[in-house]
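J.: Take a look at the following structure, please.
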Amino acid sequence: MKTFLILAMAVALAKAQSTDEITNLVQFGKLVMCLGNIGYTEGLEYDGYGCFCGKGGKGTPVDATDRCCEVHDNCYGQAVEEGKCWSVETYGTTYWYDQSTSGSCSIRCWEEGDYNSLVPRKACKAAICECDRKAAQCFADNRPTFNRKYLNYAKDTC
């Protein structure tokens, strides 16, 4: 069943332009599902939500959930500004994390020093994982603000 969910998410996220992008989006989706204690279908609903969730983002967030996506976009941008990542790799970077599900889910992203010395772009991997973890936790914390009327929101109205 787990394999099916991962495969289904990869297919659903096939808008991504490379295998690495799909892998990164699947990783992010797994964090969202774990920390939010939600299923695969609910996890996919964030794509295209409001003005900032999904590809692109502009205007003013429609609610706290959408604000999580704006903060996520800004976090990726900050990783680039700080020289940790190249802009072309933010959505294609795969990373490692530890997950504990005893009780409720908790995620600990690997820090730069946790990676083997031969692994390239460790600072980027650590930064992107932390951006994804924070966004997933933000989604979980703000799940009560999630409003179905903002699904597949017309971004040109933002």
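Placement of Cβ uses the backbone N, Cα and C atoms for every residue, glycine included.
Source: prediction; values computed, not measured.
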J.: Pick from ASP63, ASP73: which one does Swiss-Prot list with GLY54, GLY56 for the same Ca(2+) site?
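T.: Among the candidates, Swiss-Prot records only ASP73 at this Ca(2+) site.
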J.: In Swiss-Prot's disulfide listing, CYS85 is paired with one of CYS51, CYS53, CYS109, CYS124. Which one?
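T.: Between CYS85 and one of CYS51, CYS53, CYS109, CYS124, Swiss-Prot records a disulfide, namely with CYS124.
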J.: CB neighbours of CYS109 (disulfide bond) within 10 A?
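T.: CYS109 (disulfide bond): 20 neighbouring Cβ atoms within 10 Å.
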J.: List, in sequence order, those recorded positions among CYS69, HIS72, ASP73, CYS75, CYS124 whose Cα sits within 10 Å of the Cα of CYS51 (disulfide bond).
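T.: Those near CYS51 (disulfide bond) - Cα within 10 Å - are CYS69, in sequence order.
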J.: Applying the rule Cβ within 8 Å of the centroid of the Cβ atoms of GLY54, GLY56, ASP73, what extra residues of the same chain belong around the Ca(2+) site?
T.: PHE52, CYS53, LYS55, GLY57, CYS69
J.: Fill in the CA-CA distance, CYS131 (disulfide bond) to GLY56 (Ca(2+) binding site), as an integer in Å.
T.: 16
J.: I'd like the number of other C-beta atoms within 10 A of the C-beta of CYS51 (disulfide bond), please.
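T.: Excluding its own Cβ, the number within 10 Å is 23.
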